[in-house]
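**Student:** Before I ask anything, let me first share the structure, which is written out below as structure tokens.
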Amino acid sequence: MIITPTAIEGVAHLDIDPHRDERGFFARSYCPQELADAGYDFNLSQANVSYNARKGTLRGLHYQAAPTPDPKIVRCERGSIWDVALDLRPHSNTYLQWTGAELSEANGRAQIIPAGCAHGFISLEDDSQVLYLMGAAYVADLARGVRWNDPAFSIDWPLMPEVIGDRDANYPNFEVT
Ligand SMILES: Cc1cn([C@H]2C[C@H](O)[C@@H](COP(=O)(O)OP(=O)(O)O[C@H]3O[C@H](C)C(=O)[C@H](O)[C@H]3O)O2)c(=O)[nH]c1=O
């Protein structure tokens, strides 16, 4: 695996290093030891998948509140998405800053989202499927979210959402601490 830090502390790109032969390729896509050696403590608790039928489907931005924040590693297994990590850690040097990356079946890239960051994406084509490796189990009562177009963050999405859930569309403005 090839791990490349981004400008947001703890957010990194995780690229596969494929072993190619006449059959195609084989690649390691998740390894807690390699991640720990690179400074990313992540132990798999749960895996989720979402199917996004139409281009312009926006999910998020979500995070889980203390005491069970949910780090995640996000990979687009079919189609393509633009994936956003938003720093909501008040003591972070990049508080309220965000980073985005194209994740796709073609580029095989995943994004590491640490605890304390919100996560969201917008699909860039129809029939996009997303795999979420979760570093914490889901706790419904701790599920939180912020709105994709909240002026506190000014996230520069590559396209306007065509499909978005009511909950995601109606989060109140974030209260900056
Ligand atoms: C995660 C989870 C969800 N659910 C239920 C709760 C909801 O009734 C329904 C949809 O869950 P959610 O609203 O979290 O799904 P999305 O809005 O697509 O959010 C997802 O996409 C954004 C971008 C993320 O980053 C979240 O981690 C991820 O959950 O499944 C469960 O029953 N078990 C679970 O483990």
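Cβ atoms are placed via backbone N, Cα and C, with glycine included.
Unlike curated records, TrEMBL annotations are generated automatically.
Bear in mind that the values here come from a model prediction, so they are computed numbers and not experimental data.
Annotation comment: TrEMBL describes His62 as active site, proton acceptor. Residues or ranges marked as active site, proton donor in TrEMBL: Tyr132.
What's the neighbourhood like for these features in this structure?
**Tutor:** The DSSP secondary structure for His62 (active site, proton acceptor) is strand. Sequence-distant contacts of His62 (active site, proton acceptor), defined as residues of its own chain at least six apart whose C-beta falls under 8 angstroms from its C-beta, comprise Ala118, His119, Gly120, Ala143, Arg144, Gly145.
Cβ neighbours of Tyr132 (active site, proton donor) (same chain, under 8 Å, six or more residues apart in sequence): Ala47, Asn48, Val49, Ser50, Lys72, Ile73, Val74.
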**Student:** Three-state secondary structure of Tyr132 (active site, proton donor) from DSSP?
**Tutor:** strand
